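Engineer: Take a look at this one; I'll ask things after.
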């Protein structure tokens with residue numbers, strides 16, 4: 001299964017999830033020209049006050065700092081354990097796909113059972129199930145407890161693999177999916193595809209000029225990416241119409257998040273100022289989510 005970039009007006013027949021794959025891209029680059037990249041490493045210290053070893057040495061509550069550091073270390077260990085389990089899950093899924101491709105059905109059955117067992121025992125998936133059930137049954141105290149546990153284990157897991165935001169009448173919907181066939185878990189290479197629908201619900205025509213993405217991996221490393229237009233175009237979107245396209249994002253961890261904005265301008269009046277349209281945060285996750293929503 002391969003991912004390909006494509007774009008289409010909203011008036012054309014709606015693509016199904018299967019239509020997202022298997023097409024040669026007209027232009028499927030992550031950025032149509034070499035983008036300016038800014039990599040922000042995760043900070044090693046949390047505040048300037050902690051930079052001085054004597055900052056809190058004489059304060060009555062200095063012991064609280066040790067407790068906080070201990071809690072932070074425990075959270076980091078849990079996050080690292082989840083990262084390792086996610087990598088194992090990705091390898092199992094890829095091995096299952098290979099076994100099925102070569103018609104090694106005995107091995108495929110074994111790997112299928114391993115995956116099923118993993119999904120039943122994986123703490124993040126178990127907490128998701130408990131959280132969903134608690135919300136459905138209106139046990140909100142339990143739901144809050146499960147949510148807090150998820151925040152510690154895997155903060156990105158609280159995000160859906162889709163988002164929906166409207167700015168000045170411009171609606172941006174996104175849905176991401178993990179592409180096994182383009183990923184190499186053993187090398188720490190994970191490939192995610194996403195489809196975006198931009199709908200102009202305003203009364204004025206607009207043009208998309210530039211894009212800005214903020215990509216954060218599971219280790220907290222953040223990268224800002226800028227580029228002109230999308231998939232090689234700077235589309236004009238008239239009122240009550242839309243524009244759709246597909247693209248992809250490589251990641252060096254099996255989980256992460258994306259968010260950003262589009263720079264646009266109104267084209268019905270000369271000299272109009274540009275404005276930014278938000279792309280709400282969404283998850284990049286090999287575990288996916290329990291949301292069956294697709295962009296229709």
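Cβ atoms here come from the backbone N, Cα and C positions, even for glycine.
Unlike curated records, TrEMBL annotations are generated automatically.
Under the heading compositional bias 'Low complexity', TrEMBL lists 7-19, 41-60. The domain 'UVR' annotation in TrEMBL covers 86-121, 121-156. The domain 'ApaG' annotation in TrEMBL covers 164-291. The region 'Disordered' feature in TrEMBL is assigned to 1-75.
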Engineer: Reported in the order helix, strand, coil, what are the DSSP residue counts of the domain 'ApaG' (164-291)?
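Structural biologist: With helix first, then strand, then coil, the domain 'ApaG' (164-291) has 6 helix, 83 strand, 39 coil.
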Engineer: Please work out the helix, strand and coil residue numbers for the domain 'UVR' (86-121) from the DSSP assignment.
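Structural biologist: Its residues divide into 33 helix, 0 strand, 3 coil.
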